[in-house]
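The following features are taken from TrEMBL:
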type    : residues                     : note
BINDING : His96, His98, His140, Glu142 : Fe cation binding site
DOMAIN  : 64-156                       : domain 'Pirin N-terminal'
DOMAIN  : 211-314                      : domain 'Pirin C-terminal'
Amino acid sequence: MSIYINISKSCSQFSHALPFFATFRFSIASAMSHSLHSSAFNTPRLVLKKVLAKSQHEGDGAVVRRGIGRTELKNLDPFLMLDHFSVSPPAGFPDHPHRGFETVTYMLEGGITHQDFAGHKGTIRAGDVQWMTAGRGIIHSEMPAEENNKGLQLWINLSSRDKMIEPNYQELPSENIPTAERDGVEVRVIAGESMGVQSPVYTRTPTMFLVFSMMPGSEWHQSIPESWNCFVYVIEGEGVFGGTSSSPCVAHHVLVLSLGDGLSVWNNSSKPLRFVVIGGQPLNEPVAQYGPFVMNTQSEIEKTLEDYQYGRNGFEMRKYWRSQ
């Protein structure tokens, strides 16, 4: 786990001052002028920034492609991190703490066995989701259940009023995830709504998390709340996002989208395209982060470090618990 302090205004507050928002202002207008004359949306979302999720080592020998939470894209309010991970025994993510945010783990292949100091234990496998609210404090481990294990993990910030709530889990096996299909496009609704189906997951920070698979020659137009920050991560294949004249984007890229009421996607390639669309309502709060601890101020971070060190305020079991 890389440890650093990042104290800033939320991305939503300062995004208008970010260089890439200013730099791409002209290109947005240019791209819009070359979009379809009859757009599916009043204000179509276009690609503002493209970030390659480069491989790096994390945990105990695991390899992750980090798309958010790196120099090129520190965060995107309310999102703190996105990892596309790959782990095989004996590597893994041994006992480590969290406070002040949520993690969403979606398995693409294999499985991950999770256990924490409160007695929660289980294994999620390909297609399953675990939505963990760390709240005031969790210490847990995430270890490979099979030989080859791949998935996505998203960190979502919690508002100041929710940072010290009791930890909670929402787990959805693959067969319980709402799924719909239309004209060669399939969607799995982890959070939010698409194609008339809605996820049962409760999101404290209003969030959409949609997993799309598109056959060659297909297209899709997804509505998104206009004020939400939103991005795409391409898992595999090649697609055109935003406007028909946009350059195709390939696997392992995060695409930060402009504000608007929807996103259009085309698969003009000869192979299937798989990607996620993730959006959330900005919290518009300061962010103070020290590795796996995310609060609003530096003094709260210092208090969290003391709580962890002395085993109090949510970390009472720290000195006594070890994963099996």
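Glycine too: its Cβ is placed from the backbone N, Cα and C atoms.
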Candidate with sparsest Cβ neighbourhood (10 Å radius) among His96, His98, the listed binding-site residues: His96
Distant-in-sequence Cβ neighbours of Glu142 (Fe cation binding site), under 8 Å, six or more positions away: Gly59, Gly92, Phe93, Thr105, Ile112, Thr113, His114
Secondary structure composition of the domain 'Pirin C-terminal' (211-314) [DSSP: H/G/I, E/B, coil]: 13 helix, 48 strand, 43 coil
Nonlocal residues around His140 (Fe cation binding site), in sequence order (Cβ under 8 Å, 6 or more apart): Asp95, His96, His98, His114, Gln115, Asp116, Phe117, His120, Met132, Ser323
Average model confidence [pLDDT] within the domain 'Pirin N-terminal' (64-156): 96
